[in-house]
Amino acid sequence: GRGLLVLLLSATVSLLGGLIFGYELGIISGALLQLQIDFHLSCFKQEVLVSALLIGALLASLIGGILIDRYGRRRAILVSNLVLLVGSLVLTLSRSFLGLVIGRMTVGFAISVSSMACCIYVSEMVAAHQRGLLVSLYEAGITVGILLSYALNYIFADVDEGWRYMFGLAIAPAAMQFLSILFLPVNPVKLNSWDSDCQKGLIQLQDVEDKAAGKHEPYKKDYSFLDLFRTRDNMRRRTLVGLGLVLFQQFTGQPNVLGYASKIFHSVGFQSNSSAILASVGLGAIKVVATLVAMAFADKAGRRVLLMAGCVVMAISVTTISLTSRVAPLAMARDCKAAADPNGSYSLTQHALTPLSSQSAVSPIPPALGAVRSQADPGFAATRSLTKVFTSTQSKEVVPDSSLTQERGFVGLSRRETVASAGPPFGGAPWAEHMVLNWITLLSMMAFVSAFSIGFGPMTWLVLSEIYPAGIRGRAFAFCNSFNWAANLLISLSFLDLIDAIGFSWMFLLYGLMGVMAVIFIYLFVPETKGQSLEEIDQQFSRKR
């Protein structure tokens, strides 16, 4: 009975950890609609506020690994819950822009430490045949958290200072995770409770031979950070595998492919207010289903199979989008500066770009939210755009806002605002001329979302939590995670410039090529770890296969 309790609590910790991560990444887009009015935020200040979470997460990636290895995974999760509580309170009670930035940085630090510690903790607490399922549950939590954040964005859109409720509600799942982990045993890696807990049946980790191996070398080795780059125990190859996975996760284009989700939905005929809601719910639901498929097959098909299959489908999808966009080009998003157009009549494509997790669901804000805010402030559409900030994470993706076309009359006359597509990029040719190609593009994007959620989304972090020895697992995971954040930022910020330089279709063709290279990399370097204990995986690497 207690063994089942540990299993259920481990699943709860994993799910809640992902839910908090997804919620914090998704909630900012809806909160910005109100914050930019309440605090009179310029485009630059909005970018700073969105980027603050990334800065905190990067800082956590640099020092969080030391915290996890030195003080234990369980304690790191507890501390991250307390830090998240502090950050959420700062955001909820904030009266200044500086307070908002500090709060978001604090929250970013907390969710980054929690994301690393949760994956490692759960991977060490459960049996080898359940590890894929329960670690992937973290990814499922992220998708649910993002969908929850957009639902609350919609609910609090008309509430005065509703952003305070949006930020404050993150306290609830953090408190639940804190209480759940209090009832779990301390990680056996950090204390000498391995024998007692396993023999009492509290942790159904390994068989007798594995426990005997666990008491010896793997859990008593001390490693320095520089050992990651040395040949000792084949650590250099492990580092190659970890960095390769997180970098290919970003270089296959997932932070940017979804930046045109709203336009693609409009192009196939969804012109009404329901368009962005459909994109939000539809893509989010597809992502949740795909993540559940990954959870079901992680311990059956194996990590390598899901990673390679996902990469193949992703490569085909972005290549298809590249080819169709040559015939039916997608309209480009305008930069924030375009909002300063002094002309009396103009249109502006809005994009509230929000980071989501690997790990993560793709959800444009329902256009009604933007319409409400535009009615509250005539200058709303002219002051809000974050096209240059595509920050994201562990499975982190870009979420486009709905397109708002604001038509203004002459001075003194009433204005009307409608939600519409940005229209064709040239010559006024109607989108309907390429309806078949537009549907192919839409289906390709859905296939890309599904493939990422089955492969790179959950599997990257599952493999990272398995391939390193216990003595350096926290630092190694954090090291790779920092490259994930940095690569994501680099790819995202260079996206528009690269499109200007080589064109949209060539950009996506390049993503397809990276997908092919990722398949080759996984085939050559990433071992299969399904059904193996952490000690067996460690020995497999140490043998320098």
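Even glycines carry a Cβ here, placed using N, Cα and C.
Note that TrEMBL annotation is computational and uncurated.
According to TrEMBL, the feature domain 'Major facilitator superfamily (MFS) profile' maps to 10-530. The average pLDDT computed over the domain 'Major facilitator superfamily (MFS) profile' (10-530) stands at 74.
Summarising the annotation, TrEMBL assigns transmembrane segment to 48-68 (among others).
Per TrEMBL, the feature transmembrane segment maps to 75-94 (among others).
Annotated transmembrane segment per TrEMBL: 100-122 (among others), in sequence order.
Taken from TrEMBL, the feature transmembrane segment covers 134-157 (among others).
What TrEMBL lists as transmembrane segment is 163-184 (among others). Long-range Cβ contacts of the transmembrane segment (163-184) within its own chain (Cβ-Cβ under 8 Å, at least 6 residues beyond either end) map to 5-6, 9-10, 12-13, 16-17, 19-20, 23-24, 27, 30-31, 34-35, 38, 74, 77-78, 81-82, 84-85, 88-89, 91-93, 103, 107, 125, 145, 149, 152-153, 156.
Counting residues 6+ beyond its ends, the transmembrane segment (239-257) has Cβ neighbours under 8 Å at 228-229, 307, 311, 314-315, 318, 321, 358, 390, 392, 395-398, 445, 448, 452, 456, 460, 463-464, 467-468, 476-477, 479-481, 483-484, 487-488, 491-492, 495, 507-508, 511, 514-515, 517-518, 521-522, 525-527 in the same chain. Marked as transmembrane segment by TrEMBL: 239-257 (among others).
Look at TrEMBL and you will find 277-298 (among others) tagged as transmembrane segment.
The annotation transmembrane segment is assigned in TrEMBL to 305-324 (among others).
The transmembrane segment annotation in TrEMBL covers 439-464 (among others).
As annotated by TrEMBL, transmembrane segment applies to 476-496 (among others).
TrEMBL lists 502-526 (among others) with the feature transmembrane segment.
Beyond the ends of the transmembrane segment (100-122), by six or more residues, the same chain brings 10, 13-14, 17-18, 20-21, 24-25, 28, 35, 39, 48-49, 52-61, 64-65, 67-68, 73-74, 76-77, 79-81, 83-84, 86-88, 90-91, 94, 131, 134-135, 137-138, 167, 170, 187, 357, 393-394, 461-462, 464-465, 473-474, 477-478, 481, 485 to within a C-beta distance below 8 angstroms of the stretch.
Outside the transmembrane segment (305-324) by six or more residues, the chain places 245, 248, 252-254, 257, 294, 297-298, 434, 437-438, 440-441, 444-445, 447-448, 450-452, 454-456, 459-460, 463, 504-509, 511-516, 518-519, 522-523, 526 with a CB less than 8 A from a CB of the stretch.
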